[in-house]
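These come from Swiss-Prot:
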type	residues	note
TRANSMEM	30-50	transmembrane segment
TRANSMEM	55-75	transmembrane segment
TRANSMEM	108-128	transmembrane segment
TRANSMEM	129-149	transmembrane segment
TRANSMEM	153-173	transmembrane segment
TRANSMEM	182-202	transmembrane segment
TRANSMEM	233-253	transmembrane segment
TRANSMEM	287-307	transmembrane segment
Amino acid sequence: MSETLATPPAALHTWLSRWRQFSALTKPRVVQLIVFCAAIGMLLAVPGWPSLPAWGVALAASIGIWLVASAAAAFNCLVEQTIDSKMKRTAWRPTAKGELSNTQTLSFAVLLCAAGMAVLWVWVNALTMWLTFATFVGYAVIYTVLLKPATPQNIVIGGASGAMPPVLGWAAMRGELGAEPWILCLIIFLWTPPHFWALALYRAEDYARAGLPMLPVTHGNDFTRLQILLYTFVLFAATLLPFVYGMSGWFYLVAACALGVGFCGHAFRLWRHYSEALARRTFRFSIWHLSLLFAALLLDHYLGPLLRGTP
């Protein structure tokens, strides 16, 4: 009797453990930022407050993009399991620890990708589906398989796929693309190198041990810090484009300038005097920078007309 009673809790524990392993493959925090950026693109694509049907499309698009992004993350874990096992930052991943087989991981990734593509095809539109699939290929194949192990410019070139979420969101709501989503894409594209290189600075030993040609490993600490500073300056200029192009108003411009000065300040201090603590702070600030920048753009989209006294 005692063994019978003990079975359900044990089975539940096993099921929960397996669920956590598959969930970890999807890199939830990264995917959350992807969906957030896509959602910003969706909301900016609609003048005023979205209608109820538009909210339905936005929900379906968010689910579809989330599924495909999760599939790309799982495929990345599959390909990089040997590399991940050599790095402290990633050694905990289920594939690196051998907790999930290659077949399980690949099947999971294919299932997620197929489900996401189906959602986008049925409830959103074909343009969004194909753009999302192209983004999947860009990250899972071009970046993960070809670029990351081959060149220190992997982050720069591969960053194009990571910059696509606002374009996907815009396409979902409009069914077409203009200049606006590509401006948002450019901002993320320029944000990606200083963001990841700040991380790579204090994880350089990890990357060297794994044999990955990240910029601090191939070109050294000083060169990487200079590149972070230069990219941050260019990024600052790019963040002003929504105002210049007429996508936003003064509220966004003030926020973009404040955040840009903050990011440049972190990059400048890191360039002048390196420390691991400074690199960590710069990395963390970069996340806040992008999140708050897009949040300010969204607030300006809705509050701007009220502040200007226009409907």
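Cβ atoms here come from the backbone N, Cα and C positions, even for glycine.
Long-range contacts of the transmembrane segment (55-75) within the same chain, counting only residues at least 6 positions beyond its ends with a Cβ under 8 Å from a Cβ of the stretch, are 25-27, 30-31, 34-35, 38-39, 42-43, 105-106, 108-113, 115-117, 119-120, 123-124, 128-129, 132-133, 135-136, 139-140, 144, 165, 168-169, 172-173. Per-stretch counts of Cβ pairs under 8 Å to the transmembrane segment (153-173) identify 30-50 as the leading one among 30-50, 108-128, 182-202, 233-253, 287-307. Within its own chain, the transmembrane segment (182-202) has Cβ neighbours under 8 Å at 37, 40-41, 44, 155-156, 159-160, 162-167, 170, 214-217, 221, 224-225, 227-228, 231-232, 234-235, 238-239, 241-242, 245, 247, 263, 267, 270, 274, 276, 279-280, 282-283, 286-287, 289-290, 293-294, 297, counting only residues six or more beyond its boundaries. Cβ atoms under 8 Å from those of the transmembrane segment (287-307) belong to residues 33, 36-37, 40, 43-44, 49, 184, 187-188, 191, 195, 239, 242, 247-252, 255-256, 259, 262-263 of the same chain, restricted to positions at least 6 beyond its ends.
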